[in-house]
Amino acid sequence: MTSTVPAPAWTAVCPLSAIEPETGVAALLPDGTQVAVFRTRDAVYALGNIDPFSQAAVLARGIVGDLRGTPVVASPMHKQRFDLRTGECLDDQGVSVPTYPVRVVGGTIQLGRP
Amino acid sequence: MTRTVVVVGHGMVGHRLVQALRDRDAEGAWRVVVFAEEGRPAYDRVALTSYVDDWDAARLELDGARYAGDDAVALHLGDPVTAIDRAARAVTTASGRVQPYDALVLATGSAPFVPPVPGRDLPGCHVYRTIEDLDAIRASVERARTGVGRGSAMVVGGGLLGLEAAKALRDLGVSPHVVELAPRLMPLQVDDGGGALLKRLIERLDVTVHPGTSAAAIEADRGRLLARLANGTELDLDLIVFSAGIRPRDQLARDCGLGVGGRGGIVVDAACRTTDPAVYAIGECALADGRVYGLVAPGYAMAEVVADRLLGGAAEFTGADMSTKLKLMGVDVASFGDAHAATEGALEVVVNDAVAGTYRKLVVSDDAKTLLGGVLVGDATDYASLRPLVGRPLPAEPGALLAPAGGGGGVGVGALPDEAQICSCNAVTKGDIRGAILEQAADDVPKIKACTRAGTACGSCVPMLKQLLASCGVEQSKALCEHFTHSRAELFEIVRATGITTFSELVARHGSGRGCDICKPAVASILASLGNGHILAGEQAGLQDTNDRFLANLQRNGTYSVVPRIPGGEITPAKLMAIAQVAADFGLYTKITGGQRIDLFGATVDQLPAIWRRLVDAGFESGHAYGKALRTVKSCVGSTWCRYGVQDSVGLAIELELRYRGLRSPHKLKSAVSGCARECAEARGKDFGVIATETGWNLYVGGNGGTLPRHADLLVSDVDKETLVRVIDRFLMFYIRSADRLQRTSVWLDSIEGGLDHVRDVVVHDSLGIAEELEAQMAEHVTGYADEWAGVLADPEKLARFTSFVNAPGAPDPTISFRAERGQSVPVPLGIPEVVSR
């Protein structure tokens, strides 16, 4: 007899304090997926870590900022900017990276399934 | 049937003729045979004085002067024509060759005029015309240095050429006397008022001017020369340079019965044809409309006429604009149009400002409505806007036009018609430039330069280019990005003046929003240039581009490369082995860089600290290959080993690299030191390059390789090490203060108002009074330097950032893998980019 244990809906990643404001870190999910987790002054965001232009897993190492008020990260590879809220590339319409549900519970950042 | 044109002489004008003919002769109607007296192909005689900078004759050679790959041109060097047989249509050369011609072009140029002074043939007497002349002058100067002489020289002739010769002597470390028969310097170009100021400005530069007199006699005097001037002055000298004008070389024409003028020069008509229709004469040997032109531009115009005529055209030479603008030993001199008010009824309007050291004169028609010409000494900025107005209605009162530059005077570019030449060096009109701006989307000065070549020679028209951009509606916003309306230079001043040490405070007080990938690294660089501790301290880490953030260079697969500093490219076997062992142990790909060091590729973020622990233990420190900072100071092996080296280039390179290591700047900084004029270290391709001289060092700045190669310009010559370092200190700090973000020194020099001369004024002559401040700032950098990697290794908080995954420290990045190529590890290409684009 087999039983299926449902994967937990949320994965704890790290304490909020592990990310300095206005920067990002990369997290490795159990299935091998890489997620870039960003902390701005007032929010936390999670995007796929793979830069769709270079295929390199580097988005977490991009510079965080804003483009006319929209929170963005600029890929460290070739500087395309992605909307932290939607994953859309603001420099190349139609290109986007996946987004992940993210929340902070008791000082810990948790990622949900997309 | 192919005909043969024989060209006699391979100077600048002869070469231009061959080029023009070959460019246009698509049918191959003409075969060209050139006979040159000199043993080298045509070179840039106008720039002869710059030969003193590096003694590199090859640099002066004109483009394409060897006609490599062109079978239609035969160039015979060192074989001058000795006779012309017009009846047989053939020339005979010194080597005995007989060459028939269908057309003959005489481009024999001119010879220096040496006044008939007794003693003018004594050893130590020179002329100033060829590379060989300069070599001989240099030998005389060196003899004087080693012997009893104190290095004293006289230049006979205070015209354009004489002052060029005086400059060359000064660059050779000699204080020259200049003797001019006329009552003022540059009598052809300037009037008495301008000449008086010119004398004053030139004499400040350690040149003694003797106007209104001449050399009466020269005698040998115990290994030196004694010159007596007509006014009784006696001068003890080591050498004398005659530079008192030119005489057309017309002997060949005389010998074969062609018409020559009473004072020399081969008579030509508007087609540049001599009295024999099969024979043309061009350049300084020709007498066109009763006049010998001693400038290269009219010679070029004649060459174009003859090329056209040979191909059946009807072009005519109708005289040339003799307007001149030049900088002699840092002094601006310009003269244009009817500078001497020779036109009947012409009026002169003069502003002579003895305090500012400027003399400005306009010559206008008798009704004061039309500009006829002018003279500018001390500041010739307005030459570019005034010269195109000659013969046109004045846009304002003459007095208003002469108001000091920058004081609201001068002519707006809007007043000029489209056909007015803005760049006279490259003959680019206002219409050409407007076309580039409006049709080719050239929206800044560098793009205009690339499209039109305007502003690429002397650079004096660059301010006009900026005005034209503005008048075409192109806003030259200096705002760094949407978060700061300031330029980088302004932000630098704000940070320096307010002492702000964080980006968040700066953006809150002087900007808006939260910042971006443009302003954050720019501000981080400013903070680092002004010394704010480790570049990864506190908030600064998040401002840095990934390279600075991880103190390594990001590569295409997300790994990094590592470059330890190898100052001057000198490294011990033990250290080489240490690098090799680290590379082997971590499986890194190794490659020698262009900056004489070793790059180790393929390190993951979490490997970097372990790699650097080993490198630091072996005595290495960060090479800053990742930073907008000093990279390397490359060197040749220098006098320690090299048979030709005259100075210890390796020692100096190491000293400079250690002095400026870690210095954050608007863009990367590269440098090199060469131990002799052969320049094996390629210093003139660097932001600052040093080349050894017999007695010191020459400093060149603003060089660049890359997409827009630029040879560095000479900033100071023949200085000792202490002076050299002081000037580099000031130069670098001035650049760091005033350049735009990501602006290399080459572009900075081309775009800064006043160009190289302004920079020299600031860093050598301290015209802004900031030299002490710049030096103090550099001293602070030098004493405050600490190795960034050692700083990371000593700080657990900084070390903690070097993990691939925040929730799985030590887990490898599954996207990174390697394969073998030529015995080393290289990245496995990441999948075809899944970019779906519009």
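Every residue, even glycine, has its Cβ placed from backbone N, Cα and C.
A quick note: this is a predicted structure, and the numbers were derived from the prediction, not measured.
Annotated in TrEMBL:
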type: DOMAIN; residues: B:4-290; note: domain 'FAD/NAD(P)-binding'
type: DOMAIN; residues: B:323-389; note: domain 'NADH-rubredoxin oxidoreductase C-terminal'
type: DOMAIN; residues: B:422-470; note: domain 'BFD-like [2Fe-2S]-binding'
type: DOMAIN; residues: B:555-616; note: domain 'Nitrite/Sulfite reductase ferredoxin-like'
type: DOMAIN; residues: B:627-763; note: domain 'Nitrite/sulphite reductase 4Fe-4S'
type: BINDING; residues: B:CYS636, B:CYS642, B:CYS676, B:CYS680; note: [4Fe-4S] cluster binding site
type: BINDING; residues: B:CYS680; note: siroheme binding site
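This view paints the features noted in TrEMBL onto the structure.
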residue: B:CYS636; record: [4Fe-4S] cluster binding site; DSSP (3 states): coil
residue: B:CYS642; record: [4Fe-4S] cluster binding site; DSSP (3 states): coil
residue: B:CYS676; record: [4Fe-4S] cluster binding site; DSSP (3 states): coil
Candidate with sparsest Cβ neighbourhood (10 Å radius) among B:CYS676, B:CYS680, the listed binding-site residues: B:CYS680
Shell of the [4Fe-4S] cluster site beyond B:CYS636, B:CYS642, B:CYS676, B:CYS680, same chain only (C-beta within 8 angstroms of their C-beta centre): B:VAL637, B:GLY638, B:TYR644, B:GLY645, B:SER649, B:SER674, B:GLY675, B:ARG678, B:GLU679, B:ALA681
CB contact flag for the domain 'BFD-like [2Fe-2S]-binding' (B:422-470) and the domain 'Nitrite/sulphite reductase 4Fe-4S' (B:627-763), at least three pairs under 8 A: yes
Per-region confidence, the domain 'BFD-like [2Fe-2S]-binding' (B:422-470) (mean pLDDT, whole number): 79
Dominant neighbour of the domain 'Nitrite/sulphite reductase 4Fe-4S' (B:627-763) in B:4-290, B:323-389, B:555-616, by Cβ pairs under 8 Å: B:555-616
In the chain carrying B:CYS636 ([4Fe-4S] cluster binding site), residues 6 or more apart in sequence that have Cβ under 8 angstroms from it: B:CYS642, B:GLY645, B:SER649, B:VAL650, B:VAL673, B:SER674, B:GLY675, B:CYS676, B:ARG678, B:CYS680, B:ALA681
Cβ packing number for B:CYS642 ([4Fe-4S] cluster binding site), 10 Å threshold: 16
